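The next block holds one structure in the form of structure tokens; read it before the comments.
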Amino acid sequence: MTSVLSSTPTSIPIIAGAQEALRDTLQQPTSVQYVPAAATSSLSDNVQLQSSNDSTINGVVIGLLSSFGSAILIALIFLIVYFFKYTSSGRILLDRIGRPGEYDDEQAFAKEEAEALEEMDDLQRTEYLRAKAFVQSNPPDSLPTDISLSQYLAIQEKGVSAWEFEPELEIANCFVEARTEIEFFDSECCTLTNLPVPKQNEVYYWESKIYDKPENTLISIGVATKPYPLFRLPGWHKYSVAYTSTGHRRYNQPFSGPVYGPQYVQGDVIGVGYRPRTGTIFFTRNGKKLEDVAHGLKSQNLFPAVGANGPCTVHVNFGQSGFVFIEANVKKWGLAPMTGSLAPPPPYGSEQGSILLEAGRESAQSSNGYYQPDPRHGRTRSGNFRHGPPTSPGPLRSPTDISLAQLTHIPSHEEPGEASNSSTPAPTGNTTTQPGLSVHDNAQPPPEYTSPLPSEAGSPRGSTDGERTPMLRRKTTPPPIPSYNDAVAQRNRSNSHRDQVGSRRERSDSHQARHGDGSPSRS
């Protein structure tokens, strides 16, 4: 290479230029490699800040677009539902979007009615049309069925005993005994209570026990409104709900009913529950709760109803005894308390002027101030004389005193002008009678009389818990009553003794008179 350079001197500038170019080329990466550290860090921060700002803006934009998109989607769905629900005639969208819907209740009922009438015989068709005409002419709750004031007071006084079943006398196919024991016979009918189910509490509940049920008898237990065709079963017409013995549920129609629960037979207990706030009806069977059967029955007054199409016996418990359903027993879901809260009427007493009790009082006094004994039990000491008028003229009264006492005439033997307080004159005859005693003739004796036994009912000795009750009682026998002959003989002896005393008094008076006349001559 040296030889080449030396041999060609004209190529020296060209080689020098190439060397300078090569030197610049080799020095260029060195200048990039030694960039200062401060410049490098500032450049990286700018790049990172720019990338973070871009990501924040992108997140905000995405969030706004998603929210607006969700709102637009919800509004679009709402418009579609509103359009199909309120603009399609004859169809109602019931559940999912895209389902074609079902006919409303009236159209479905008309369709079921037309199909059922074709399958009915003449008697069933006649009974159904008769009940339909009754419901159309007597809509539910067309009569006032709210609890009146008198019924409310009866509930307060009697408690749950105020409810009772009222059978239709014109049908005469069921008999009610002891208010809640129902016996059905050979044709179809039902019976409702006289009072509706209250609405004050949270839940009301009642049970029915099947005492007697043949296999071919259909029983329907539930609630219904008044007026209701009593020649039909509950659940067959508006508004009524029932649980039948075949295990089906009946709600306002007799054509077809879905299977609701197990069948019930003789010995089973069927309960009916009502929630007034939500209008929900549910049933129980032998203490086990079944699912709800109806909702929204809040405005109607519902009456417990029991019906059957054949012979059977059903006993209803409104709360007068314990329930089989334990929850109803604990929470006291009966229609009313077992006993009433009002006190019974006040008892009649002697202080209230009770005529019934005054008639039996032994110490009754008459208005004239003396005792008037009952003529059926009146007797004297001898037992052979009847009571006469009083022997005493009574207390002295002034001439201006007005009294309603009986006036008794007393014969007087005093001479005119003598004082009323003079001594009683001596008897003038031998036939002196005692005042107040009427003597019978010996030839016509009165009938034998037996006095009643003495009673201590009105005395303190007759009571058993009084303070004056004697600790030891002695039975005293009444004295014997003499016969009529003994009484006549005793009266004759008393009359003869009185005559002897009178004759002695007369002799003594005459003797004193003779001695009194001769005394002046001796003086």
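Just so you know, the numbers here start at 1 and follow the chain as drawn.
Including glycine, each Cβ sits where the backbone N, Cα and C put it.
Some features that Swiss-Prot has for this protein:
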TOPO_DOM  1-59  topological domain 'Cytoplasmic'
TRANSMEM  60-80  transmembrane segment
TOPO_DOM  81-523  topological domain 'Lumenal'
DOMAIN    127-323  domain 'B30.2/SPRY'
REGION    361-400  region 'Disordered'
REGION    412-523  region 'Disordered'
COMPBIAS  419-436  compositional bias 'Polar residues'
CARBOHYD  ASN421  N-linked glycosylation site
CARBOHYD  ASN430  N-linked glycosylation site
CARBOHYD  ASN492  N-linked glycosylation site
COMPBIAS  496-517  compositional bias 'Basic and acidic residues'
Helix, strand and coil totals (DSSP H, G, I; E, B; other) for the compositional bias 'Basic and acidic residues' (496-517): 22 helix, 0 strand, 0 coil
Average pLDDT across the domain 'B30.2/SPRY' (127-323), rounded to a whole number: 93
Packing count at ASN492 (N-linked glycosylation site) (other Cβ atoms within 10 Å of its Cβ): 11
Where ASN492 (N-linked glycosylation site) sits in the secondary structure, as DSSP reduces it to three classes: helix
